[in-house]
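Record features, source TrEMBL:
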DOMAIN    81-193  domain 'Amino acid transporter transmembrane'
DOMAIN    252-520  domain 'Amino acid transporter transmembrane'
TRANSMEM  83-103  transmembrane segment
TRANSMEM  109-129  transmembrane segment
TRANSMEM  162-182  transmembrane segment
TRANSMEM  253-269  transmembrane segment
TRANSMEM  281-302  transmembrane segment
TRANSMEM  322-344  transmembrane segment
TRANSMEM  356-377  transmembrane segment
TRANSMEM  405-426  transmembrane segment
TRANSMEM  438-463  transmembrane segment
TRANSMEM  469-492  transmembrane segment
TRANSMEM  504-524  transmembrane segment
Amino acid sequence: RPFHVEPTNIVSVNDDMQRVTDEASAMNKRIHYYSRLTSPTDRALIAPDHVLPAPDEIYVYSPLGTAFRVDSCTDGYGKNSSIVTIFVIWNTMMGTSILSIPWGIKQAGFTSGIILILLMGLLTLYCCYRVVKSRKMIPLIDTSNWEFPDVCKYYFGSFGQWTSLLFSMVSLVGAMVVYWVLMSNFLFNTGKFIYNYVHDINVTDIVPGTNGSNKVICPSAAGDHPPQNGSMVFSSGNSTGFELFEEWWNKSQTVPFYLIAVLLPLLNLKSPSFFAKFNVLGTVSVIYLILLVTVKAAHLGIHLEYNWFTEDEFFVPEFRILFPQLTGVLTLAFFIHNCVITLLQNNKNQENNVRDLSIAYLLVGLTYLYVGVIIFASFPSPPLSKECIEQNFLDNFPSNDIMSFIARIFLLFQMMTVYPLLGYLARVQLLRQLFGNAYPSVFHVLILNIAIVGAGVLMARFYPNIGGIIRYSGATCGLAFVFVYPSLIYVISLHRAGQLTWPVLIIHIFIIVLGLANLIAQFLL
């Protein structure tokens with residue numbers, strides 16, 4: 001009897017073959033894009049054959065230097081569900097900016113700070129949406145493997161190529177400088193806590209602070225710069241040994257140099273992909289910070305008083321002229337524009353990109369609002385002034401605070417694993433553009449890494465103000481990637497299609513002016 005095949009089976013087989021073909025094509029496109037970030041011989045951003053992800057396990061790399069491993073959360077090979085896409089975007093944007101949000105709200109005023117977080121979130125979301133749509137507005141060219149710098153090169157030629165590289169390097173190096181300052185801070189406080197605990201030394205910082213088990217301090221009250229090791233022993237311990245420790249374990253004069261011995265060799269590795277496995281610590285750190293903020297607020301209570309425009313001994317006005325300092329921080333806090341296309345490419349349902357991007361931005365904004373508002377509102381005023389809120393809000397808790405100690409340990413280890421990835425991507429972008437090779441020689445790589453590390457050490461030594469560094473670098477790179485290029489590209493594409501109208505032109509010119517004013521204001525206030 002002849003073998004009979006039902007037509008439905010043929011359709012099923014054909015569908016399966018088509019699905020496999022589509023999945024293979026998608027994977028080839030992703031691998032092709034990642035391979036363009038590095039040299040042909042460097043496989044740091046290419047999954048090796050023996051560890052290619054199974055249908056329930058993929059790796060998503062962001063050009064900003066964050067790598068995510070997604071397990072059992074995908075719908076199809078190499079494609080993410082909407083909830084995973086939202087989480088990846090949230091996790092990419094949630095960075096060190098969260099530590100400076102309470103300080104930014106203090107600089108802007110409580111009411112204006114909340115309004116600015118909402119407005120900047122909406123504005124950067126709109127500009128991010130324009131970035132996502134930018135490559136789709138290019139006719140007759142396959143742009144499936146393009147990222148936003150490629151779009152800039154298409155519209156503006158070599159000028160767009162080099163300026164996008166410049167501003168991308170500003171964001172990467174700026175982040176690495178902030179990381180170095182924070183790692184120095186966390187390492188100092190961690191070492192101080194461990195030394196005091198091991199030697200049974202009780203220390204009180206010579207700074208104003210509250211009493212009780214939930215102590216809050218005001219480091220900036222000692223002067224324009226926070227004190228380094230100013231403290232006095234009032235209980236058991238060897239005072240001579242403690243003074244020697246204080247001399248060799250100094251937040252700005254010694255600790256930033258100790259980090260060189262650990263991190264400079266890691267920067268010179270050809271492929272730091274091993275460290276991508278630890279980036280889940282970023283999520284853990286953010287969740288723990290939210291927990292810390294909640295617990296501290298529950299113990300400290302709410303301390304608010306509304307003074308709309310007048311100064312007060314313990315409270316700040318609701319609206320302050322220093323508000324651009326918060327907008328500069330927020331520009332980097334909501335910055336994802338130079339890698340958002342890659343992240344959304346992995347979304348299984350492309351028609352949901354706008355919705356998923358909007359939800360991710362909403363979650364990021366709510367996270368910033370929660371941490372910023374809770375820290376500001378619960379800061380004990382009186383007896384301390386709201387002006388005491390530090391650029392890194394963890395500095396408002398003494399080194400012997402257990403919850404803050406755990407937070408610093410988490411953040412220190414997480415930053416030490418992300419730092420080599422940021423350095424690697426800075427090397428790839430710069431050296432590949434200049435020499436056509438991401439690793440032209442050990443000498444080239446070493447010189448670049450010494451320059452990057454040197455910038456971090458100098459900042460940690462002479463300008464350890466992460467809020468200032470974040471707002472300067474955020475306003476600078478945001479001018480190009482957030483405000484100017486997305487608006488110009490949209491206007492040019494509409495003009496070429498004969499669809500440009502005066503209202504659209506005026507709105508996008510206004511956005512460009514806002515970005516320029518945001519940058520200029522950072523140097524005036």
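Each residue's number is its place along the chain shown, starting with 1.
Including glycine, each Cβ sits where the backbone N, Cα and C put it.
As a quick check, the transmembrane segment (253-269) and the transmembrane segment (438-463) clear the bar of 3 or more Cβ pairs under 8 A, pairs 6 or more apart, so the two touch. Panel annotation: around the transmembrane segment (109-129), residues 101, 304, 306, 308, 316-320, 323, 326-327, 330-331, 334-337, 340, 354, 357-358, 361-362, 364-365, 368-369, 372-373, 376-377, 478, 482-483, 486-487, 511, 514 of the same chain, lying at least six beyond its termini, place a Cβ under 8 Å from a Cβ of the stretch.
At the 8 Å Cβ threshold, with sequence separation of at least 6, the transmembrane segment (405-426) comes into contact with the transmembrane segment (162-182) through 3 or more pairs.
Secondary structure of the domain 'Amino acid transporter transmembrane' (81-193) per DSSP, as helix, strand and coil residue counts: 98 helix, 0 strand, 15 coil. Here the listed stretches are 162-182, 281-302, 322-344, 356-377, 469-492, and the one with the most C-beta pairs under 8 angstroms to the transmembrane segment (83-103) is 356-377.
Remote same-chain residues near the transmembrane segment (356-377) are listed as 82, 85-87, 89-90, 93-94, 97-98, 101-102, 104-106, 110, 113-114, 117-118, 121, 124-125, 128-129, 132, 286, 289-290, 293-294, 296-297, 302-304, 330, 333-334, 340, 344, 347, 386, 389, 393 (criterion: CB distance under 8 Å, separation of at least six residues from the stretch ends). Fewer than three CB pairs closer than 8 A are found between the transmembrane segment (504-524) and the transmembrane segment (281-302), and contact between the two stretches is not assigned (pairs 6 or more residues apart). Same-chain residues lying 6+ beyond the ends of the transmembrane segment (322-344) with a Cβ under 8 Å from its Cβ atoms: 33, 60-64, 85, 88-89, 92-93, 95, 97-98, 100-101, 104-105, 107-109, 112-113, 116-117, 120-121, 124-125, 127-128, 131-132, 135, 146-149, 164, 168, 171, 174, 350, 353, 356-357, 361, 364-365, 368, 467, 470-475, 477-478, 481-482, 486, 517-518, 521-522, 525. Away from its own ends, the transmembrane segment (281-302) comes close to residues 66, 91, 94-95, 98, 214, 216, 367, 370-371, 374-375, 377-380, 397, 403-404, 406-407, 410-411, 413-414, 417-418 of its chain (Cβ-Cβ under 8 Å, at least six residues beyond either end).
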